[in-house]
Amino acid sequence: MGQTALYNVPDGWSGRIWARTGCSFDKNGGNASSKCQTGDCGPSVNCTSPGNLPVTIAELTLGVGGLIDYYDVSLVDGFNVPIVVKPANGKGNCSTAGCDGDLRDTCPSELAVKSNGTVTACRSSCDVFNTDEYCCRGTYLDPVTCLPTNYSSAFKQACPGASSYAGDILTVTCSSTEYIVAFCALR
């Protein structure tokens, strides 16, 4: 069984949540190791800047207009750990979003990030190849031309409940008072 943390946020809160791996923190929340293998965002538990890629990201916007919440899990910036977001109670289309599979096991070698011979994360094709087609920019910015690639299709097959490329919009809308963001856990 893993650890649990409870965070209270005000209506209208919007943020991104990701896991950092390969690092530890002291009892005061300071980073006891020099740098995290994945998701590193500085020397403290609470990040004030985006995490270093690749990371699996849970994106939440809560209490829009005091009523609606939006959430999704994105593999657009790569994958480092499985993340699932689900409402503990809610009204509306309150489905579970995310990826409970481990893409590190099937990550193509050209996208793999390794440490001591072990795959620790899987980069996105945009991050690796940096082309307009893979990054859905330039002439590929339009939803008609921003299409899945072989890489994003493989991500989608392994994790159908997560966005796998910039044009793959899977935002869930719900009205809830409590959400569970689970790392490395089955739904």
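Every residue gets a Cβ built from N, Cα and C, even glycine.
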Handout entry: Candidate in CYS122, CYS146 joined to CYS136 through a disulfide, as TrEMBL lists it
Key = CYS146
Completion exercise
Checking TrEMBL: of CYS36, CYS41, CYS159, the cysteine bonded to CYS99 via disulfide is CYS159
Exercise for the section: Could you pull the disulfide partner of CYS107 out of CYS122, CYS126, going by TrEMBL? Expected result: CYS122
Practice task
Anything within 10 Å of CYS126 (disulfide bond)? Look among the disulfide-bonded residues CYS41, CYS107, CYS136, CYS174, comparing CA atoms, and list what you find.
Solution key: CYS136
Problem - Intrachain C-beta neighbours of CYS174 (disulfide bond), sequence separation six or more, cut-off 8 angstroms - result: ILE68, ASP69, TYR71, PRO87, GLY90, LYS91, GLY92, ASN93, CYS94, SER95
Practice task
Based on Cβ atoms within 10 Å, give me the single least packed residue among the disulfide-bonded residues CYS41, CYS99, CYS136.
Solution key: CYS41
Exercise for the section: Give the sequence-ordered list of residues that share a chain with CYS47 (disulfide bond), lie 6 or more positions from it, and have CB atoms under 8 Å from its CB. Expected result: CYS41
